[in-house]
Amino acid sequence: MDFSIKGCDWSKGEAKGFLTGKSDCIVLGIFEAQTLSGAALDIDTATKGLISRVVKAGDMDGKRGKTLFLHEVSGIGASRVLLVGLGKQDAFNQKAYTDAVTAAWRALLSTKIVQVTFTLAQLPVDERSSDWGVRAAILALRNETYRFTQMKSKPEPASHTLKRVVFSVDPVDEKAAKLAVKQAVALANGMDLTRDLGNLPGNVCTPTYLGNTAKKIAKDWGLKAEVLGLKQIQALNMGSFLSVARASVEPPQFIVLHYQGAAAKAAPVVLVGKGITFDTGGISLKPGEAMDEMKYDMCGAGSVLGTMRAVAEMGLKINVVAIVPTCENMPGGNATKPGDIVTSMKGLTIEVLNTDAEGRLILCDALTYAERFKPAAVIDVATLTGACVIALGTHNSGLFSKDDALAGELLDASREANDPAWRMPLDDEYQDQLKSNFADIANIGGRPAGAVTAACFLSRFTDSYPWAHLDIAGTAWKGGAAKGATGRPVPLLAQFLIDRAGQ
C-alpha cells in the first residue's frame, strides 16, 4: 500500500488540489454537536452545503464511530465522501481519534475504493501534531488489514482494493509527517512479524525456528546474529535456563541480535524477550482448558525480534542488543521437579517451588548475560504472570522498575505510541516473600502480589544497570472471536528507542 503526504491549511483556502484532484473518496470528520471540521467546512462550501444538509437532516449525528458514505458528490474531484463521527468535541482524545480512524478504515475496506484522501490526521488530538495522527492512522489501517493465513491450505484473498492513501496535514508538519509514514510502515512490519511468530503453532515456532528468524532478520537488515546451542549454554553455566529446557526434545537456543546504529563505543539498550515456545507448566502441569494459548508464551521474544526489525528498517541512530532465551517447558522423566534447587549463571541458588513459574528462570540468566554489554538500559519483556492480568486486565502492560527516570521514559513512550502501560510497585518489602529455607531465593512468593514478586525475583539479577520489566501477559494476545497475537508492546519499545535516538 502506498502512503503520501500533502500539506494543506484548510482555513487559508489551500484546499484547491484536494477539491479538484481525482480520488475515489475523501474522508471527513463530524463532531456530535454537528460541528464540521476544517476540511469538512471547505468541502461543504465546494458542494454548496451538501455536508451541512446531511448533518442537519440527522443522517450523520457525529456519534463516535458512525460512518456514512455520500455518493456522486458534485463540486469536488472525489466521487464519494465518507463522513466519520468523532463524538463529543471536548472529549476528543487519543482513544476517540483511534476509534474514528478505525471506523473509517473498516468502512473503506468494505468497498472497492482504490485511492482515498484522508483528512482526519489534522484533527486536534491532545495537542498532538498531524504527523502523530498520520502514524496512528497507518497503524490502525495495518491492524485492520492484518491476516494470519500461513497455515491455511487455501487462504482467502484480501477482500479490499485500497492501494493508495493521501494524508492531508498541516503544512508545518509536512516534513515530520513524511518521517512518520516511514516509521509507521516499519513499525507495522515489525508488529506483523511479532504477530506471525505468536500465531504460529508450537510445532512450527520452536526455539530453532526463533533462532532462524533472528538469523533472517540479521541477513535482511544488516544485523549481527549469534545463536548459541545447548553446549554453549552449558558452558556459560546457565543452570536456571537449562532447568526449564531439560525435559523437551526441542533443543534450547540462546539468541543474541546486534543492531549498531551509533558509534561502536556507545552503550546499547538491551531488550530481553522471554521465549517459551510452548508452556505446559512442566511437572506443575497447567489445566487442559485453553492450554493451546500457551503457544503465546514466546510473545516477549516475538516482540523483541519485531522491534529489532522495525528499528533496523527505521535506521535509528542507536545501538540495540536483543537477547532471547528460548525453549519449551515440558513434563518428562528428567524434568525439573518442585523442590529442586538449581544454580543460576550469577551463582545464586534457586528453589523451584513451582515449575510453571519458569519464565523468570530463563530470564534471570539472560539478564546476567546482559551485563557484558555494559548497557545504557535493559528492558525485559515477558508474558510472565497471570497475576498481572488479574491486576490490570488486557489494556495496560505492567511496568516495573526502581529507576524513576527509565520508568518515566517508558511511560512517556507508551502514551506517545498509544500502547498503554501502568507502573506497578516494586518495594523492597515484597522481597521477603521470596525467602527460601534451602536456597538463596525461591522462584515464587505465594499468591499475594504475584506479578510484583515475579518482578522482584528478576530484580535480583539486575544490580549493574538501569532495568525495567514489562509484563505483557494481558496484552500480548487476545482470546475469543478475535483470538490472535496483538503485536504489543512493539509500539512502546520502538517509541522508547526513537526517543532515545533523538529521532
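Cβ coordinates come from backbone N, Cα and C, glycine included.
Since we're looking at a predicted model, the values are computed, not measured.
Marked as active site by Swiss-Prot: Lys286 (among others). In this structure, Lys286 (active site) belongs to neither helix nor strand by DSSP; it is coil.
As annotated by Swiss-Prot, active site applies to Arg360 (among others). In sequence order, Leu384, Asn443, Ala454, Phe457, Leu458 are the residues near Arg360 (active site), counting only same-chain partners six or more apart with C-beta under 8 A.
Taken from Swiss-Prot, the feature Mn(2+) 2 binding site applies to Lys274, Asp279, Asp297, Glu358. In sequence order, Val244, Ile276, Asp279, Gly282, Asn329 make up the list of same-chain residues 6 or more apart from Glu358 (Mn(2+) 2 binding site) whose Cβ falls under 8 Å from its Cβ.
The Mn(2+) 1 binding site feature in Swiss-Prot is assigned to Asp279, Asp356, Glu358. The local packing around Asp356 (Mn(2+) 1 binding site), expressed as other Cβ atoms within 10 Å of its Cβ over all shown chains, amounts to 18.
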Looking at the binding-site residues Lys274, Asp297, Asp356, whose Cα is closest in space to that of Lys286 (active site)?
Asp356
Could you check what DSSP calls Asp356 (Mn(2+) 1 binding site) once collapsed to helix, strand or coil?
coil
Quick one: pull the CA-CA distance for Asp356 (Mn(2+) 1 binding site) versus Asp297 (Mn(2+) 2 binding site), whole Å only.
12
Taking every protein chain shown into account, which of the recorded positions Lys274, Lys286 has the largest tally of Cβ atoms within 10 Å of its Cβ?
Lys274
